[in-house]
């Protein structure tokens, strides 16, 4: 159905009262509903920090770095957008204050402002506006832009001023602002309090933005009287005051906000062409989420487990692997340091059905990851290694099977006598401190050729060539490949098309049912409705192992 007008519509999502309210999930759910109504939707996140991208940020502070097909290192919310929309996004989906200022300062140095005094308004806001409006192509009906931070933060002001200007320039009928606010419950008095939301909306109006809808985040159902009060005090239609209580699964959120009528209100208010929501695919997903036939325990052995967001795409990919097998995947968070010794590994991993070794950087925790791999190999526990996980599998094989006791990676010991994992040639200067760390890894989508008869070729449905997203500086040292295959029995089952870079390793089926690893980050391409084959294969192996006991 063609749009009634050629103007691409803009929906802006802001947050108030507190951070971590789930703006990204709410925006993603709205995007999924609009797509299910036949609209072409793209999404974008505006991040108010001064880093150019999150690539050099501590995972404990920021969570995971989500890499897009074109190699951009972006915010984890971009992962939510891709999973809910089932659409690949690119680097333009994440705009940071650092990117904006870098561009404006570079233009000033080139003399592009012709003597102007460069200021936040109009130069910074114009650059933000350009990055928002360039998403509005002829192939897009709706752009949903999430404004990071909380209304009232100093850092968010240029972005919010830009939202006001966009609304003025493209027309009020073409812009819709959704404000997400916390509705706290005060236990002793037994009341839901509306005052924080009123103050948050007042702060937004002070900047010149009147929200068109308010989403109330709370831990319980919201009475109609509370909605009416917020509608009156915040000057929003009662139909546009939407309650979004905590859900059992994040994949329930689209149904929640659809039941509250947000998507219907948006399409009518913006005069968008629409059809009824097609729930076919999503209902099948929810059936798999809530009515599993199996349950398995999956150990995620990592070094950043105090902040689960550091492994967000991995955990979602593991759960999606469960959906593919009608299984519920319970994540057991295991600190890698607890697996340093065989006894420690046995305590942590003795009761699990499968293990995932995710990526990471630096020496801390690596000994434990190697210990976990040894335990899985010796006890036939299905294991999937990702990026650093692959490198640790190669190190473990060299040390314990090939007789190279001091085998290591140059990342952990630059002077190691046996660098079975080494720095990629083009990364040597950067590792030596002679280049920028940010945005310089092997990033983005790269192809691989899979060996005939291998487990990975089988799980990829027999495909000879596959593509995955990458983020690494180190690779398996080709000088040790023949020795490791001969002495350790490990199979290098996938390489770059020229055969020079190891992309997949595994053990033969008669040695281990499923000990597989990839240098890539396949979790970044997993979707709840289209689980990634490597994760589906891992869960399948775990279910088979558990049911055969």
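Cβ coordinates come from backbone N, Cα and C, glycine included.
Annotation comment: Swiss-Prot describes 1-272 as region 'Amidoligase domain', evidence class sequence analysis.
Per Swiss-Prot, CTP binding site is recorded for 19, 153, 154, 155, 193, 194, 195, 196, 197, 198, 229. Proximity of residue 198 (UTP binding site) to non-local residues of its own chain (separation of 6 or more, Cβ distance below 8 Å) is seen for 230, 233, 234, given in sequence order.
The UTP binding site annotation in Swiss-Prot covers 19, 193, 194, 195, 196, 197, 198, 229 and is backed by sequence analysis. Neighbours of residue 197 (CTP binding site), defined as other CB atoms within 10 A of its CB across all chains, total 27. Reduced to three states, the DSSP call for residue 197 (CTP binding site) is helix.
The Cβ of residue 24 (ATP binding site) lies under 8 Å from the Cβ of 45, 76, 77, 80, 81, 146, each of which sits 6+ residues away along the same chain. What Swiss-Prot records for 20, 21, 22, 23, 24, 25, 77 is ATP binding site, and it gives sequence analysis as the kind of evidence.
According to Swiss-Prot, the Mg(2+) binding site annotation covers 77, 146.
For the domain 'Glutamine amidotransferase type-1' (301-548), the mean pLDDT of the prediction comes to 89. Residues annotated as domain 'Glutamine amidotransferase type-1' in Swiss-Prot, with sequence analysis given as evidence: 301-548.
Look at Swiss-Prot and you will find 360, 388, 389, 390, 391, 411, 473 tagged as L-glutamine binding site, backed by sequence analysis. Under the DSSP three-state reduction, residue 391 (L-glutamine binding site) is assigned to helix.
Feature annotation from Swiss-Prot assigns active site, nucleophile to 387. Listed in sequence order, 358, 359, 360, 470, 471, 472, 518, 519, 520, 521 are the same-chain residues six or more apart from residue 387 (active site, nucleophile) with CB atoms under 8 A from its CB.
Marked as active site by Swiss-Prot: 521 (among others). If you draw a 10 Å sphere around the CB of residue 521 (active site), it holds 24 other CB atoms from the protein chains shown.
The active site feature in Swiss-Prot is assigned to 523 (among others). In this view, residue 523 (active site) is surrounded by 30 other Cβ atoms within 10 Å of its Cβ, with every protein chain counted.
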>> List the binding-site residues among 21, 23, 194, 473 whose C-alpha is within 10 Å of the C-alpha of residue 229 (CTP binding site), in sequence order, or say none.
In response: 194
> If one measures from the C-alpha of residue 473 (L-glutamine binding site) to the C-alpha of residue 523 (active site), what distance in angstrom results, rounded to a whole number?
Replying inline: 19
> Just counting, how many other CB atoms are there within 10 A of the CB of residue 391 (L-glutamine binding site)?
Replying inline: 30
>> Between all pairs in 360, 388, 389, 390, 391, 411, 473 (listed as L-glutamine binders), what's the biggest Cα distance, rounded to the nearest Å?
In response: 14
>> Can you give me the Cα-Cα distance between residue 23 (ATP binding site) and residue 197 (CTP binding site) in Å, rounded to a whole number?
In response: 15
> 21, 25, 154, 388, 390: which of these binding-site residues has the sparsest Cβ neighbourhood within 10 Å?
Replying inline: 154
>> By a 10 A CB contact count over all chains shown, which of the binding-site residues listed here is most packed: 22, 196, 389?
In response: 389
